[in-house]
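> If you look up TrEMBL, you'll see G13, S19, I20, D64, V65, I92, K162, I191, K192, T193, L194, A195 marked as NAD(+) binding site. Residues annotated as substrate binding site in TrEMBL: A95. For Y145, Y155, the entry in TrEMBL reads active site, proton acceptor.
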Amino acid sequence: MGTFDGKRGLIFGVANKNSIAWGIAQALAEEGAELGFSYAGDFLQKRVTPLAESVGSSFIEECDVTNDAAIDELFAKVGDHYGGLDFLVHSIAFAPREDLGGRFVDTSREGFRVALDISCYSLVALAKRAIPWMPQGGSMLAMTYYGAEKVTPNYNVMGVAKAALEATIRYLAWDLGKEQVRVNAISAGPIKTLASAGVSGFRKSLGYVGSVAPMGNVTQADVGNAARFLLGDWAQKVTGEVVYVDGGYNIMGAPEMDSLEG
Ligand code: 0WD
């Protein structure tokens, strides 16, 4: 018996076994959820398919979230396959590599547009198509980072995109609450993945956060556990929230001075 028995959900953003989305998928599968997977491009198919199959999934579809027609097509298939949905996980972000380092003021117009489109607007586009399949209510979850709130050098335009994403969570929660659909985000501490490797200086920041946070660095499994709560029935009236899964990093105002060099 699992707490997700009989629940069907779609997971966006598994790129490989290190993806946070995969940590979430495993946690939900352990609780009995029926999972469908959507991946970004053909080149990911051979990575995502065996992972999805290992948790018993038979719905594995490509969808580039910058393409409305592709999203429409995907949700038509969701309807045919499941006839309804209980939850959706958005674990997607992208910004051009040249905009994830150096000075924020040098962000290009195109880099800004792409980052906001893929990392933020896509949640709106997916939510709109998911709603008709959640007539009994449901739950949505997105992934964010502390760089939305406080300056994190090199995170740059992605910090701005995450700030927009966090505001989007609240506006969606307002709209969709009337339909008994909850919308929340997890603000995770840094985890080594394909996406994070693209941020300049990531390795050092992982070490720094690990040394400052009361409970050190977090794992994909830690995020998966929180996702179980937020997507499941125990979080029945929790909506519009950004929940930290960061080992407590966000509560710190300064690192322990003895740990600093000099
Ligand atoms: O430290 C970290 N890794 C943190 C990540 C800390 C806090 C938050 N996050 C967020 C990310 O910003 C993102 O929203 O978690 C989410 C998942 O990121 P991840 O697990 O770190 O990274 P990854 O495994 O690379 O998955 C992100 C995926 C893409 O991977 P690649 O590497 O191929 O860009 O987002 C997907 C894609 O699978 N993606 C898209 N999906 C559909 N359409 C698109 C697109 N156009 N672009 C990227």
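Each Cβ is built from the backbone N, Cα and C atoms, and glycine gets one as well.
Explain the structural surroundings of these features, please.
Residue environment of K192 (NAD(+) binding site) contains 14 other Cβ atoms, counted within 10 Å of its Cβ in all protein chains.
Non-local neighbourhood of A95 (substrate binding site): G111, V114, A115, I118, S119, N156, V157, M158, A161, G198, each in the same chain, at least six residues away, with C-beta under 8 Å from its C-beta.
Residue environment of Y145 (active site, proton acceptor) contains 24 other Cβ atoms, counted within 10 Å of its Cβ in all protein chains. DSSP gives Y145 (active site, proton acceptor) a coil state; it is part of no helix or strand.
Its Cβ taken as reference, Y155 (active site, proton acceptor) is surrounded by 27 other Cβ atoms within 10 Å in the chains shown.
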> Who sits close to K162 (NAD(+) binding site): which same-chain residues at least 6 apart have their Cβ under 8 Å from its Cβ?
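Long-range Cβ contacts: A93, S119, C120, T144, Y145, G147, A148.
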> Just give me the nearest neighbour of Y155 (active site, proton acceptor) among the binding-site residues G13, V65, L194, Cα to Cα.
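Closest by Cα: L194.
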> With the Cβ under 6 Å from ligand 1 as the test, give me the qualifying entries from the recorded positions G13, A95, Y145, Y155.
G13, Y145
> What is the Cβ neighbour count of V65 (NAD(+) binding site) at a 10 Å cut-off, with all protein chains included?
23
